[in-house]
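Undergrad: Quick one: the structure is below, questions incoming.
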Amino acid sequence: MMGQNQTSISDFLLLGLPIQPEQQNLCYALFLAMYLTTLLGNLLIIVLIRLDSHLHTPMYLFLSNLSFSDLCFSSVTIPKLLQNMQNQDPSIPYADCLTQMYFFLLFGDLESFLLVAMAYDRYVAICFALHYTAIMSPMLCLSLVALSWVLTTFHAMLHTLLMARLCFCADNVIPHFFCDMSALLKLACSDTRVNEWVIFIMGGLIVVIPFLLILGSYARIVSSILKVPSSKGICKAFSTCGSHLSVVSLFYGTVIGLYLCPSANSSTLKETVMAMMYTVVTPMLNPFIYSLRNGDMKGALSRVIHQKKTFFSL
């Protein structure tokens with residue numbers, strides 16, 4: 001496993017989470033429950049939007065893609081974490097490590113772009129309500145989703161190819177629970193300046209600019225709803241925006257703090273906790289915040305259940 005270049009390294013070792021042995025089973029059960037909640041919650045959203053014609057709108061098109069992204073985002077890291085906790089085998093093959101990094105970047109970036117699309121959809125719905133249908137046409141919505149997939153695929157592939165050209169020498173221990181890009185760069189024994197510059201530049205395009213666009217959209221929304229005379233309408237709009245912004249702040253806050261503004265004395269434990277927030281907690285909370293508390297989603301669930309009961313009663 002030791003060697004002078006990347007071809008001699010057959011695998012990496014994931015240190016995982018700093019958990020005491022006596023807490024291992026409890027943490028395993030907790031993460032398994034959180035992962036299953038994420039899967040079931042996001043799958044429920046996707047199925048309901050697919051089955052109920054009332055939800056075939058731009059907002060729920062973006063939401064179904066966001067749920068798919070959350071589902072895949074968690075599936076990139078959590079199953080491997082659970083496997084390592086159960087088998088006590090921290091190794092991950094070199095190719096699998098780069099593959100995990102690729103899909104981690106892909107679905108993480110995809111969520112960033114979809115959050116922008118959702119913010120824009122709500123901006124148009126509130127600020128240009130009379131022209132909403134004309135502006136948010138099916139072609140525009142599909143184009144926004146397709147563009148999100150294309151850009152994130154390119155970005156993830158770029159970082160993966162740049163990582164694959166690096167040399168890894170003696171140290172193959174990753175102090176994380178997944179193949180984190182910044183952790184891999186610290187293990188490289190070749191020049192990583194190109195990688196670091198690409199992370200800084202592309203990070204601004206992929207993370208910071210979408211975050212600013214979301215803030216700009218909601219600033220316009222707040223400005224618009226303050227002019228609405230109905231206090232009920234204002235409360236409803238603020239409630240919707242508040243839920244969305246809470247998840248946006250959680251996701252972008254940890255990502256920006258971890259990758260774009262790292263502190264010189266940041267500990268591995270702190271980085272791991274921050275990573276757990278946006279890889280495990282946020283995808284689990286999204287179904288509850290975005291949909292399961294939504295009246296349209298509850299109505300769709302009721303209609304689907306009623307249709308099933310009617311079908312089986314025939």
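Cβ atoms here come from the backbone N, Cα and C positions, even for glycine.
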Undergrad: From the topological domains that Swiss-Prot annotates, would L15 and K270 count as being on the same side of the membrane?
TA: yes
Undergrad: For C189 (disulfide bond), which residues of its chain lie six or more apart in sequence with Cβ-Cβ distance below 8 Å?
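TA: Sequence-distant Cβ neighbours: C167, F168, C169, A170.
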Undergrad: State the count of C-beta atoms found within 10 angstroms of the C-beta of C97 (disulfide bond), not counting that atom itself.
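TA: A count of 23.
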Undergrad: Output the single range from 26-49, 58-79, 140-158, 196-219 maximising the number of Cβ pairs under 8 Å to the transmembrane segment (101-120).
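TA: Maximum Cβ contact count belongs to 140-158.
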Undergrad: How would DSSP class C97 (disulfide bond) in three states?
TA: helix
Undergrad: Counting Cβ pairs under 8 Å to the transmembrane segment (26-49), which of 58-79, 140-158, 196-219, 273-292 comes out on top?
TA: 58-79
Undergrad: Which bits of the chain, at least 6 residues beyond where the topological domain 'Cytoplasmic' (50-57) starts or stops, bring a Cβ under 8 A of a Cβ in it?
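TA: Those are 64, 296-297, 299-300, 303-304, in sequence order.
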Undergrad: Report, as numbers and ranges, which residues of the same chain sit near the transmembrane segment (58-79): CB under 8 Å and 6 or more residues beyond its ends.
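TA: Residues 31, 34-35, 38-39, 41-43, 45-46, 49-50, 100, 103-104, 107-108, 110-111, 114-115, 117-118, 121-122, 125, 136, 138, 141-142, 144-145, 148, 177-178, 279-280, 282-284, 286-287, 290-291, 296 contact the transmembrane segment (58-79) from elsewhere in the chain.
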